[in-house]
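Q: Following this message is one structure expressed as structure tokens.
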Ligand code: 1GP
């Protein structure tokens, strides 16, 4: 439906957080390639539906990044399914996903579904704690990226620093390992310089938190990477 191959910039909105309507309007009209709806805590069906119906007034593609099965609803363009590669519990890698497929497998439209191999690098991030992650060294992170590309053949490898700005050199090294698997980078991007820097290496950069803290600067990240 949309050409994901060309995507470079994505905003991530948290259904558990509020933004003024005028900021949401600016986000939807910013020229970003897509909006991901996703969060870690307190993601409810109500919150997801509210954001979906707001964003749907615009033409921007909208993706649900599934955090829990209760908040999944039809109506999104795509569904991204996180698999946390550096979790110490199999639950976050495949058991939750398996449960969902056992229950809803007959009605899932597989063409809209994409797995993301997450490698979570920031031990302070809520999602790192929730998924009981192990801190990967650079070498280990590269190992996960190689598995995503060659063994699992995942469509996306997501290097997640959620809340802090990551190491551009590692992003570069990981990009060098990936060919078919697209590299998503997210974490701590607050301004256009950072967006530009990470975008040199990552296929897609994700800007989340900055929209809630300094939307004016966050909005400038779109033009910084889509010239
Ligand atoms: C979070 O990777 C995204 O899942 C974006 O991170 O909120 O730090 O921008 P930030």
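Note that Cβ sites are derived from N, Cα and C of the backbone, with glycine treated the same way.
Pulled these features from TrEMBL for this protein:
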BINDING   12, 158, 159, 160, 161, 162, 163, 188, 208, 209  sn-glycerol 1-phosphate binding site
BINDING   14, 40  Mg(2+) binding site
Q: At the Cα level, what's the spacing in Å between residue 40 (Mg(2+) binding site) and residue 163 (sn-glycerol 1-phosphate binding site), rounded?
A: 12
Q: Which ones are near residue 14 (Mg(2+) binding site): of the binding-site residues 159, 161, 163, which have a Cα within 10 Å?
A: none
Q: Which residues in the same chain, at least 6 apart in sequence, have a Cβ under 8 Å from the Cβ of residue 208 (sn-glycerol 1-phosphate binding site)?
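A: The answer is 11, 12, 13, 14, 162, 186.
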Q: At a 10 Å cut-off from the C-beta of residue 40 (Mg(2+) binding site), count the other C-beta atoms across all protein chains.
A: 17
Q: Using a Cβ cut-off of under 6 Å to any atom of ligand 1, determine which of the binding-site residues 14, 40, 159, 161 qualify.
A: none
Q: List nothing but the one residue from 12, 159, 161 whose Cβ has the fewest other Cβ atoms within 10 Å; the candidates are the binding-site residues.
A: 12
Q: What number of additional C-beta atoms lies within 10 angstroms of the C-beta atom of residue 14 (Mg(2+) binding site)?
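A: 22, counting other Cβ atoms within 10 Å of residue 14 (Mg(2+) binding site).
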Q: Output, ordered by sequence, the same-chain residues six or more apart from residue 163 (sn-glycerol 1-phosphate binding site) with a CB under 8 Å from its CB, or 'none'.
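A: Set apart from residue 163 (sn-glycerol 1-phosphate binding site) by at least 6 residues yet with Cβ under 8 Å, we have 122, 124, 125, 187, 188, 209.
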